[in-house]
Amino acid sequence: MRSPQVPNGGLLSRSRTVAPAGWSRWLVPPAALSVHLSIGQAYAWSVFKPPLEKALGLSGTESALPFQLAIVMLGLSAAFGGTLVERKGPRWAMAVSLLCFASGFLLSALGAATEQFWLIVLGYGFVGGIGLGIGYISPVSTLIKWFPDRAGLATGIAIMGFGGGALIASPWSSRMLESFGADSGGIATAFLVHGLAYAVFMALGVLLVRVPADGWRPAGWTPPTEERAMVSTAQVSARNALRTPQFWCLWVVLCMNVTAGIGILEKAAPMIGDFFADTSTPVSVSAAAGFVALLSLTNMGGRLVWSATSDAIGRKNMYRVYLGVGALLYLLIATTGGSSKPVFVLSALGILSFYGGGFSTAPAYLKDLFGTYQVGAIHGRLLTAWSTAGVLGPLIVNRVADSQEAAGRSGPGLYSLSLFIMMGLLVVGFVAGECIRPVHPRFHEPAAEGGTADAPAGSENGTEVPDGSQQRLA
Amino acid sequence: MAPSSASPDPAAPRRTWLAVLVWLWVGLPFAYGLYELVLKATQLFTD
């Protein structure tokens, strides 16, 4: 029976974003980057904390609320909005992200101008947070479809952008506050300019993004005819993916890798100071700030370099490196880090590059395991591991550091237990990674009549029926 | 449907200018952020 044709649905609809003949796939990463470089601003929220605390009389905990709510909303909107993003297409998702993220800043501007902090929490945290989650997953499945031969590189470029967003926003926001003033009026103006500037910057992504036509392939590339052990040609829906052990093993892998990375990130500046406080070469405050900046640089570089490397050596091997070598680097810091600054710095840089790589390799690994069918939606659900680690990591590190200080320890001794805990978490992640096997065929989608492996009962022209499965429309 | 590919289509417009424009659009702010970060990172070696 033929289903009724769905109307085209305007400029934002998926059907209006199908690339014309000859469209270069290298135009798609800038579209993704314009969104990720913008929403990555979230990690530069700390710039606004001291002025907000002073202008509105807030505590440090209160001024962190907009950021914390934004991260929670990121996880929730990515997890629950993923299927909608797959169905509506990347242009719709980027437009929603733009609207939420920019209007979040505008609401915050109103909140700062009227000195109503709850408006800033609602604007930046709730509304803006939805923009973060939808924006984060918006280009993932599109990039994977354009770069089936280099999925790791493509997702690495986009997710590197999220890390790069804070690099741009941090000095930019600081200079803006210097110019406008750090009182409530100045903060309101800064929020207003942020909202307008990010709306313009993200508009490029909305206008530029294209999905490949059905059956499109890169020139000279043919899909592998032989099934590789860990690269499936079958497709799995987001709903079915949640029922597979592979999804949950990868969830544990990501959660452990992120938690371990946060272990360094959270305490980087005081840690390097304490490690070398009693040596002949103590680390100054500005050198510690330089160390933190270097960590950010390798976190970002790792997202691109390691994810691209995974295209060559395979995702499973790449995660073996992140988790196995990462655990060894933690061991190196715990045992010899206090006696050698180069060993300490290089090990920390390695760990942070693996932390970044873990994020950007995940979508490509999901594509290998579950196919391209609903990979964006599956990725959205996987990001709950990030939200969990975001709570778990700082909790472990701060609590252990406080208890060690209370026990009278100092120098490297303050962090030894934390380092061994992080190493243990990476070992747990390594074991979970080893448990990942190809997905059982009972979870695969049935191939569409006359369709290809890349386009089963696909979402390209499909609609979701009440039981969650997809049916191709005539 | 037969698979299409990225092989050059003589009828398709070249979009070199668009590629340069959009990569500059994202590349310039990124380069600014990177420059600021490198300036800060060098403090580790100069102090």
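Cβ coordinates are placed from backbone N, Cα and C, and glycine is handled just like the others.
Keep in mind that TrEMBL annotations are predicted by a computer and have not been checked by a curator.
Record features, source TrEMBL:
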type     : residues  : note
DOMAIN   : A:1-436   : domain 'Major facilitator superfamily (MFS) profile'
TRANSMEM : A:26-45   : transmembrane segment
TRANSMEM : A:65-85   : transmembrane segment
TRANSMEM : A:92-111  : transmembrane segment
TRANSMEM : A:117-139 : transmembrane segment
TRANSMEM : A:151-173 : transmembrane segment
TRANSMEM : A:185-209 : transmembrane segment
TRANSMEM : A:247-265 : transmembrane segment
TRANSMEM : A:285-306 : transmembrane segment
TRANSMEM : A:318-337 : transmembrane segment
TRANSMEM : A:343-366 : transmembrane segment
TRANSMEM : A:378-397 : transmembrane segment
TRANSMEM : A:417-436 : transmembrane segment
REGION   : A:446-474 : region 'Disordered'
Long-range Cβ contacts under 8 Å made by the transmembrane segment (A:417-436), restricted to residues 6 or more beyond its ends, are 230, 245-246, 249-250, 252-253, 255-257, 259-260, 263-264, 267, 316, 319-320, 323-324, 326-327, 330-331, 333-334, 369, 396-397, 400-401, 404
Across the domain 'Major facilitator superfamily (MFS) profile' (A:1-436) the predicted model averages a pLDDT of 90
Ranking A:26-45, A:65-85, A:117-139, A:285-306, A:378-397 by Cβ pairs under 8 Å to the transmembrane segment (A:247-265) puts first A:378-397
- Message: Is it the case that the transmembrane segment (A:285-306) and the transmembrane segment (A:92-111) touch, counting contact as three or more CB pairs under 8 Å in which the residues of each pair are 6 or more positions apart?
- Response: no
Flag the pair the transmembrane segment (A:378-397) / the transmembrane segment (A:92-111) as in contact if three or more Cβ pairs fall under 8 Å (sequence separation 6 or more). no
Segment proximity, the transmembrane segment (A:343-366) to the transmembrane segment (A:318-337), 3 or more C-beta pairs under 8 Å: yes
Q. Do the transmembrane segment (A:185-209) and the transmembrane segment (A:26-45) share at least 3 Cβ pairs under 8 Å, sequence separation 6 or more?
A. yes
For the transmembrane segment (A:65-85), the distant same-chain contacts (Cβ-Cβ under 8 Å, at least six residues beyond its ends) come to 42, 45-46, 92-93, 108, 120-121, 123-126, 128-130, 132-134, 136-138, 238, 374, 376-381, 383-384, 386-387, 390, 464
Quick tally over A:26-45, A:117-139, A:151-173 of CB pairs under 8 Å to the transmembrane segment (A:343-366) gives the top stretch as A:151-173
